[in-house]
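Trainee: Here you go, one structure.
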Amino acid sequence: MVLESIARVIKVQLPAYLKRLPIPDSIAGFIRLTVSEWLRLLPFLGVLALLGYLAIRPFLLKKKQQKDSLINLKIQKENPKVVNEINIEDLHLAKAAYCRCWRSKTFPVCDGSHNKHNELTGDNVGPLILKKKEV
């Protein structure tokens, strides 16, 4: 019963549907189609677009998968929240860079580990740079 229904759709109804579609002979013929003819073509064109997309989807470029979902992988994991407080008045250098990627071996001071992290994940994180105001 089910196979007979499927066979009827494929052998009888689908060819009859395709014969009734207002497909023009040339590209210019698409311009002359009326609104009702376009509405009759929409389901057919939608199915063609879906099949085309499904055919090329494996070849589309995929986003680079991030290697790790956690940001902080190892620094002060025993604390519920990592906070480092540094008084700006205590800065002895003209410029200081602090880590924001959590990959630095000298955390909280930046050692440039974000460069490798950015390369691997496609991220764009960088350090927090504090400079003394020049007067």
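Keep in mind that glycine also has a Cβ here, set from the backbone N, Cα and C atoms.
From Swiss-Prot, here are the annotated features:
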type	residues	note
BINDING	Cys99, Cys101, Cys110, His114	[2Fe-2S] cluster binding site
TOPO_DOM	1-37	topological domain 'Lumenal'
TOPO_DOM	61-135	topological domain 'Cytoplasmic'
TRANSMEM	38-60	transmembrane segment
Trainee: Can you tell me the three-state DSSP label for Cys110 ([2Fe-2S] cluster binding site)?
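Mentor: Assignment for Cys110 ([2Fe-2S] cluster binding site) reads coil.
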Trainee: Using DSSP, tally how many residues of the topological domain 'Lumenal' (1-37) sit in helix, strand and coil.
Mentor: 27 helix, 0 strand, 10 coil
Trainee: For the topological domain 'Cytoplasmic' (61-135), provide the mean pLDDT of the predicted model.
Mentor: 77
Trainee: Looking only at Cβ atoms, how many others are within 10 Å of the one on Cys99 ([2Fe-2S] cluster binding site)?
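Mentor: Summing over all protein chains shown, Cys99 ([2Fe-2S] cluster binding site) has 23 other Cβ atoms within 10 Å.
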Trainee: Looking at Cβ-Cβ distances, which residues of the chain lie under 8 angstroms from Cys101 ([2Fe-2S] cluster binding site) while being 6 or more apart from it?
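Mentor: Long-range Cβ contacts: Ile71, Ser113, His114, His117, Asp123, Val125, Gly126.
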Trainee: For the recorded [2Fe-2S] cluster site formed by Cys99, Cys101, Cys110, His114, name the remaining residues of the chain with Cβ within 8 Å of the site's Cβ center, in chain order.
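Mentor: Here the nearby residues are Ala97, Tyr98, Arg100, Trp102, Arg103, Ser104, Asp111, Gly112, Ser113, His117, Val125, Gly126, Pro127.
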Trainee: Kindly report the helix/strand/coil residue split of the topological domain 'Cytoplasmic' (61-135) according to DSSP, in that order.
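Mentor: Across the topological domain 'Cytoplasmic' (61-135), DSSP assigns the residues as follows: 12 helix, 9 strand, 54 coil.
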Trainee: Using Cβ atoms only, which residues of the same chain lie under 8 Å from Cys110 ([2Fe-2S] cluster binding site) while being at least 6 residues apart in sequence?
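Mentor: Residues satisfying the criterion: Ala97, Tyr98, Cys99, Arg100, Ser104, Pro127, Leu128.
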Trainee: Hey, which bits of the same chain come close to the topological domain 'Lumenal' (1-37), Cβ under 8 Å, at least six residues off its ends?
Mentor: 44
Trainee: Just counting, how many other CB atoms are there within 10 A of the CB of His114 ([2Fe-2S] cluster binding site)?
Mentor: 20
